[in-house]
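The feature topological domain 'Cytoplasmic' is assigned by Swiss-Prot to 1-36, 86-102, 183-190, 269-288, 360-384, 430-486, 541-551, 601-640, with sequence analysis given as support. If you look up Swiss-Prot, you'll see 37-57, 103-123, 162-182, 191-211, 248-268, 289-309, 339-359, 409-429, 487-507, 520-540, 552-572, 580-600 (among others) marked as transmembrane segment, on the strength of sequence analysis. Feature annotation from Swiss-Prot assigns topological domain 'Extracellular' to 58-64, 124-161, 212-247, 310-338, 508-519, 573-579; the stated evidence is sequence analysis. Residues or ranges marked as N-linked glycosylation site in Swiss-Prot (evidence: sequence analysis): ASN217, ASN225, ASN232, ASN238.
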Amino acid sequence: MLEHCLTFGRSLVRRKNVDQGCLEESKLCRCLSTVDLIALGVGSTLGAGVYVLAGEVAKGSSGPSIVVSFLIAALASVMAGLCYAEFGARVPKTGSAYLYSYVTVGELWAFITGWNLILSYVIGTSSVARAWSGTFDEIIGGHIEKFCKMYFKMSLPGLAEYPDFFAVCLILLLSGLLSFGVKESAWVNKIFTAVNVLVLMFVIISGFVKGDSLNWNISEESLVNITVVKRNISSAANVTSDYGAGGFFPYGFGGTLAGAATCFYAFVGFDCIATTGEEVKNPQRAIPIGIVVSLLVCFLAYFGVSAALTLMMPYYLLDEKSPLPLAFEYVGWGPAKYVVAAGSLCALSTSLLGSMFPLPRILFAMARDGVLFRFLSKLSKRQSPVAATMAAGTTAAIMAFLFDLKALVDMMSIGTLLAYSLVAACVLILRYQPDASFERSRISEGKEEVGESELTESESHLNMLKDGGVTLRSLLHPPLLPTENTSSVVNVSVIITVLVVCVVSTLNTYYGQAIIAMELWALGVLAASLFIFIICVFLICRQPQTRKKVSFMVPLLPFLPILSIFVNVYLMVQLSGDTWIRFSIWMAIGFLIYFGYGMWHSDERKRHLQNCAVATEKKTLTGNEGFVENKTHTEKTSPC
C-alpha cells in the first residue's frame with residue numbers, strides 16, 4: 001500500500017525532460033522576429049486600460065502621484081518579467097509558465113498552471129471582445145445595444161443583458177486569422193500597435209503642451225471649497241475635503257501604494273511572448289529582449305499618459321470612464337476625442353489579439369505532452385495549431401455571446417498571479433540545481449537511465465534525510481558547486497518561504513487592525529513569520545548556484561524572485577471570497593480531466609514506463625548471463 005502511495009506521489013512530481021541538443025527543433029513555423037515579439041508584448045499589455053485606468057486611479061487613489069503608482073507597478077511587473085525572460089532563454093519552447101513549471105516542479109503543478117492560464121486567456125479574450133463591441137457601439141450612438149435589447153433581451157441570472165453577436169464575429173474572425181498563420185497575424189498586430197503608440201504619443205505631447213504644473217500642486221483650501229460647493233454647504237468650517245489634502249500626494253503615500261496595486265494589472269500581458277518559443281527566430285535572445293523592451297515601452301506610455309492627463313486638468317475633475325476626451329475638451333481641443341477613439345479601438349484590437357494568441361499555444365503544448373486531449377495538438381499545413389485555435393475561439397465566442405463577464409474578470413487575476421509566482425519560484429529552484437538534473441538528455445534507445453537520474457525532488461529530499469547529508473556545518477559552509485543536498489535545501493526553503501509569505505499577506509490583509517492595535521497574538525505570529533522568512537532567505541543565499549550561463553539571467557538572486565512572489569501572493573490574497581469559490585469550481589473540473597485522462601496519457605509517464613521496461617530487461621539478461629557463467633565455472637571445476 002505504501003509503495004503504491006509513493007508511486008502515485010512520484011507521478012505527480014515527475015518532471016519534463018528537455019533535450020538541450022534539440023531546443024531549436026520545432027514543428028511550428030519559425031517566422032517571428034524580435035520586433036514582432038516587442039509589438040506583441042506592447043500590443044497585449046498596452047490595451048484599452050491606458051485610456052481608462054489613469055483617470056480612475058488618479059481621481060480615487062493617487063492624484064498626480066499616479067506617475068509614482070505606475071513606477072511602483074512597473075517595478076513589480078519587471079520582477080516577474082525578468083523571471084520569464086530567464087526561462088525563455090533556458091527553455092525556448094511553446095508553453096510559457098506551464099512548460100517552465102513542468103521542467104522544474106513537476107507535472108501536477110504544471111497542469112494547474114496551464115489550466116489557470118487557459119481560464120485567464122479565455123475570459124480575457126471574451127471580455128476584450130465585448131469591450132471592443134461596446135466601444136464601437138458607443139461611437140455609432142448605441143444602436144447595436146438598443147436593437148439587441150429590444151429583440152434579444154435575456155433575463156437569466158449570470159447571463160448578459162443581451163447576446164453580443166458583434167463580439168462573436170470578432171473572435172471568430174480573429175480565430176480564422178490565427179489559423180491562417182502566425183506571420184500574417186504578426187503583421188496585423190504591428191499595424192494596430194503602431195497606430196496605438198502614435199495616438200498615445202499625440203496624447204502625451206498634447207498634455208505637456210497644454211498642461212499646467214499648478215494642477216500638480218492644488219492647495220487643500222481649494223479642495224475644501226470645491227467640496228463645499230459640491231455638497232451645497234453654506235460654511236466651510238469643519239469641512240473635510242473629499243479629494244484628499246492637495247499637493248502631489250493628496251491621498252498620502254498610502255493612496256499612491258493603493259493605486260500601484262491597481263496599476264499592476266495594467267502590465268499584465270507580456271507573458272504572451274513566452275508562448276512563442278517555437279515560432280521565433282533565435283528565441284534564446286529574442287524572448288528576453290522582447291519581454292524587457294515591451295515592459296519598458298509600456299511603462300513609458302502609462303507614465304506619459306498619466307502625467308499628461310493630470311497636467312491638463314485637475315485630478316478631481318477627471319472622468320473615471322473616459323478621462324482623455326473630457327481632458328481634451330477641458331483644454332479646448334474637443335475634436336481630439338476622435339483621435340482618442342481611434343486609438344482606443346486599435347488598443348482593444350491588439351489586446352484582443354494578445355489574449356487570443358497565447359491561448360491555442362498553451363492548449364497545443366499541454367496536448368502535445370499528453371496532459372490534455374491529443375487532438376488539440378493537430379497542426380495545419382502552414383504549421384499553425386489549427387485544432388487548438390478553433391477550440392479556443394469557439395469557447396471564447398460562446399462566453400462572449402452569453403455570459404456577463406464582469407463577475408468572472410477577477411478570476412483572470414488568480415491565473416496570472418499564480419503563474420507569475422510559480423515562474424519566480426521555478427527560477428529560484430532551477431538556479432540552485434546541479435546542472436545534470438536539468439540538462440540530461442532524453443534516454444537513447446537501449447540505454448539504462450533508471451536510478452539516481454530518475455529521482456524526483458521529493459525522493460532527493462528523502463535521500464538527503466536518510467543519508468544524513470545535511471548538517472549545520474554543511475548548511476553554513478556548502479560545497480562550491482550545487483549538489484542534490486544543496487538543491488534540496490533550497491527547495492525546502494522556497495516552499496517554507498512561500499508559506500510564510502501567504503501567512504504574512506493574510507495577516508496584513510485581514511488582521512491589519514490587530515497589528516496596529518499591538519495585539520500580542522498578531523505581533524507574535526508576525527515576528528515568528530519574519531524570523532522564519534529571514535532564516536530561509538539566509539539559507540538560500542548560502543547555497544551554491546549553477547555555473548551554467550545563458551543569454552539572460554535574473555539579477556539580484558534570490559531577492560528579486562522572492563520579492564516578486566511576495567507581491568503576487570499579496571495581490572492574490574486581496575481577491576474576494578466569491579472569486580476563490582469560482583476558482584475552486586474551475587480547478588475541480590481541471591482535476592477531473594487530469595486524474596481521469598492527463599495523468600495516464602502523459603508522455604513523461606510513457607517514457608518512464610519504457611525506461612523501467614528497458615532496465616528490467618537488462619537486469620534479467622545480466623542475471624541470466626551470470627547464471628550461465630556460474631554454471632559453466634561449476635562444471636569446469638567439478639571432480640566428476
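The first residue you see is number 1, and the count goes up from there.
Every residue, even glycine, has its Cβ placed from backbone N, Cα and C.
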Next item on the list: Give the one range among 103-123, 162-182, 339-359, 520-540 whose Cβ atoms make the most pairs under 8 Å with those of the transmembrane segment (409-429).
Entry: 103-123
Note to self: Can you tell me which of the glycosylation sites ASN217, ASN225, ASN238 is spatially closest to ASN232 (N-linked glycosylation site)? Compare CA atoms only.
What the structure shows: ASN225
Next item on the list: Could you tell me what the rest of the chain brings near the topological domain 'Extracellular' (58-64), counting residues at least six beyond its ends with Cβ under 8 Å?
Entry: 215-216, 243-244, 248-251, 255-256, 258-259, 262, 306, 309-310, 315-316, 318, 320, 323
Check: If you count Cβ atoms within 10 Å of the Cβ of ASN217 (N-linked glycosylation site), leaving out that atom itself, what do you get?
Finding: 10
Next item on the list: Based on Cβ atoms within 10 Å, give me the single least packed residue among the glycosylation sites ASN225, ASN232.
Entry: ASN232
Note to self: Is it the case that the transmembrane segment (37-57) and the transmembrane segment (580-600) touch, counting contact as three or more CB pairs under 8 Å in which the residues of each pair are 6 or more positions apart?
What the structure shows: no
Next item on the list: Name the range, of those listed as 248-268, 339-359, 520-540, that has the largest tally of Cβ pairs under 8 Å with the transmembrane segment (103-123).
Entry: 339-359
Check: What Cα-Cα separation, expressed in whole Å, is found between ASN238 (N-linked glycosylation site) and ASN225 (N-linked glycosylation site)?
Finding: 12
Check: What number of additional C-beta atoms lies within 10 angstroms of the C-beta atom of ASN238 (N-linked glycosylation site)?
Finding: 5
Checklist line | the transmembrane segment (289-309) versus listed stretches 162-182, 191-211, 339-359, 520-540: most Cβ pairs under 8 Å | finding: 191-211
Note to self: Quick test of the contact rule: Cβ under 8 Å, at least six residues beyond the ends. What residues does that give for the transmembrane segment (191-211)?
What the structure shows: 39, 42-43, 46, 50, 297, 301, 304-305, 307-309, 311-312, 324, 327-328, 331-333, 336, 339-340, 342-343, 346-347, 349-350, 353
